Amino acid sequence: MIFLGLGVLLAFLPCSLPLIPILSSILVQRHRGYRAGIIAGVFVLGMALVYALMGLAVAGLGYNFQRWLQSPLFIGLFAVMFVVFALNLFGAFQFSLPQGLLQRLDQWQQRQKGGTLLGSFIIGIISALIVGPCMSAPLAGALLFVAQLPDPWMGSSYLFVLGVGVGLPLLIACVFGAQYLPKPGVWMDRLKFTFGFVMLLLAVYFLRPLLPSVWYLLLMASLFLAMSVYVLVKMRPYATQRFSQVLLILLSLGTVFFAGSYALQAWSQLNTAQASELLTWQKVRNETELKQTLAEVQGQAVLIDVYADWCVACQPIEKEVIPRADVQAGLANVALIKFDLTEYEPSQDVVLKEWQILGPPTMIFLNAQHQEQREIRLTGTFSAAQLIARLPQQGTAP
């Protein structure tokens, strides 16, 4: 649903919304009603297929893509890239395909027959390529997200849904008429500016491993607060209908909520007691070392932390969750093993497959008999409270 909604929002960018009435007239020259809907649906399918293939290509990098992020240079480059995307959305400059390529695509599109299924499908593919650079900033954010998913087909499906969202307003225009869609205007530039704030948020997110946790939280809180003020001040005059007013209020409240949440987390970080001495984790890097270490701690409950230096989501756990005094106290009677995936070894794949580990960060809890308590496994980011709540269950068979 999130990607579908993002796709619908992308359809209302200044470079895409004015094309909807034009495309709808081309597609349904001789048809109305459900037949027009079928033709428009095939167009949307062609457009969504382009996004799906992009998602599949990027998600196929998956694990290798994450490994690139271990370098501060790559982290910095991604952050700079999103700042550039933000400047693009703020109107500092524009992205576009080379003029010659645009003319060739436009000529090819004009030769297609919009009223046929095949013609509509081809026009959908070409339209995705033409409008793509206009959406490059938010689309890049979506692609970077799916590149970190463990399943390439899942990433492809997310981008397919995004493509369907982009084509949804066109489908409505073809079936019901363009009069049911919002009219182009200044509000579209305001929406584009809002996406600019999202790009800045992504820039800070990618910088997270390089920033002190408090600075990261304060930056996120500041950006969400600025986004909320912008939405209220700049977009409010264009919310003339009840639905748009409610939507604007919900968006403002949502951004204020996130700003407050990050600010409270920053305050909590400043006032949370950290352990003076941290417990030692036994680091293993492959299947053999893991089995040897488990054999050395027979009869003890075990916590296995699946970790990597390049894992962005691992950093707050290592810097903010594990050093807490209350977490360290809970871990005192548990054998601690850190399965480090920073440097790739082929036997790591065997462990990941055998234990059904999607990737870091993952916390695996074993009882004293070294049976995994799968129902309390932690995957992805989690809080100190979630970790502490699982620790008393150590030592008992599931």
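Glycine is treated like the rest: Cβ placed from N, Cα and C.
Remember, TrEMBL labels are computer predictions, not curated facts.
Quick look at what TrEMBL annotates:
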- 270-396: domain 'Thioredoxin' (DOMAIN)
- 6-28: transmembrane segment (TRANSMEM)
- 40-61: transmembrane segment (TRANSMEM)
- 73-97: transmembrane segment (TRANSMEM)
- 117-146: transmembrane segment (TRANSMEM)
- 158-178: transmembrane segment (TRANSMEM)
- 190-207: transmembrane segment (TRANSMEM)
- 213-233: transmembrane segment (TRANSMEM)
- 245-264: transmembrane segment (TRANSMEM)
Average the pLDDT scores across the domain 'Thioredoxin' (270-396) and report the rounded value.
86
Tally of helix, strand and coil residues over the domain 'Thioredoxin' (270-396) according to DSSP?
48 helix, 25 strand, 54 coil
